[in-house]
């Protein structure tokens, strides 16, 4: 992952107008507003807290509602998840697919972004329109023929079959093209005079200058892959190849009442996203808000 | 997809070289473009464009994904439009939206307005409200299925403490969709909040100041100044919610699996079941194209409507 956390955050949308305002007086209304917003935040956090509490309350959901502070907290649900159930393998599957999808989308996206921003070739605008149009096609339209296609290639129940449709996305191209357009053209011209070709300009000048956009894309691509459900559900059949969300949802069918194990799985599944979110909140919010995809 | 051809138009800013070498340079640029584009163009062609057309072709056939295909023309579409299950699936999807949209818009607007004031710990609060957005739908569905467990869930337990008998939630056909709506609204509230917050911050403070000087109270300013100037963000939220709403699948699959008694079967779940449970790939593809048509229509309305309904500052 690129240096997501080390860059200083530029002034984001929030807080730009606040310092100019005089310090607001403490009124009943303002205190009430704080109380309501904080109470709302606690309500928003409660499902997460409840998942953690449940995961350390052995035997949860069999007979009674667990208590908020467990009598005998235990990590047995986590132990079961990683020893009796194949979640160590499942975690590796998901991590591997997410890292591969992220790196591939960054590579293919940046290269296409360079071509659309810097190379003048015939049919460029039309081709870019085709790229954009692919963003409008919902995955649901593609699953049946994609499945048939993967069957032809013999890729059912293979990691490659799960990975291939995520190798390149129009969103990546779109996001990175905006960034490449911002890189001053004088830089390329100077490099050209120094005898640099397109590949050198791309790797030495453009890529270092679009790092924030690459970070946004990385966070976003990782999240999409880590949380993906429909396609992995269809293409990956054997339990040892499944991804985290698919295995987690299957757990529910198998152990309808073992809520401590299901919640332990949920907590583990949230952890990488939580870490990424804490490290790179700005990029996450940007990526989601700019695309409307979640 | 065809490879981009070498440019024959005069290249901008390339006048300093002679004619012969210029055309050679252009040809070289064409090859470079090809090299830079192939890694993205090939996968997009193979895994988006070809399957999309393939879905159209499959939709004209009867096919169980294994045997040979039989041409039925538009038969699948005709059968789908006559099938009450199709109408029910679209109905459930609309029902989902009818519950979901007011919740996320109302809640998101309230939060955005609150966080747009000089609030203590605003960044932290925004972070907390946004956290569910990065959580997977499956986790959201499972956690809420547990919260809303009719017998031992914490929600019904709390209601019981207050002397209220909680409903059956996802086990009750009358409440299954409401359960999905609650979980989905919880997940997306922060997303809507961030969009609306950005919209609020784009409103010029002079306009609000002018309204205040003219004696407009808080409600009057909200209704006559803020909401009209917020309409681009509102429009975006509604359109994105409609597009995502018609594609709702993960949380329904994990929370209710369309049940009980098909009371929460949405369009995409029906597509998945038709193809991979009943072996009707033709009907599934036809339904997916109908869904695509609906989403395309919404997108076109967005592109056209933006000009007509949206007030820009």
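Positions of Cβ are set from backbone N, Cα and C atoms, glycine also.
Record note: among B:6-27, B:72-93, B:94-115, B:94-115 is the stretch given as transmembrane segment by TrEMBL.
Among the ranges B:167-188, B:189-210, the one that TrEMBL lists as transmembrane segment is B:189-210. Within its own chain, the transmembrane segment (B:94-115) is flanked in space by residues 122, 125-126, 129, 177-178, 180-181, 184-185, 188-189, 191-193, 195-197, 199-200, 222, 226, 234, 237-238, 241-242, 245, 248, 266, which lie at least six positions past its ends and keep a Cβ under 8 Å from the stretch.
Distant neighbours of the transmembrane segment (B:286-303): 55-56, 59, 76-77, 80, 86, 235, 239, 242-243, 246-247, 267-268, 270-271, 274; these residues of the same chain sit at least 6 beyond its ends, with a Cβ under 8 Å from one of its Cβ atoms. For the transmembrane segment (B:222-243), the residues of the chain that approach it from at least six positions outside its boundaries are 97, 100-101, 104-105, 108, 113, 188, 192, 195-196, 198-200, 202-203, 207-208, 211, 216, 295, 298-299, 301-302, 305-306, 309-313, judged by C-beta separation under 8 angstroms.
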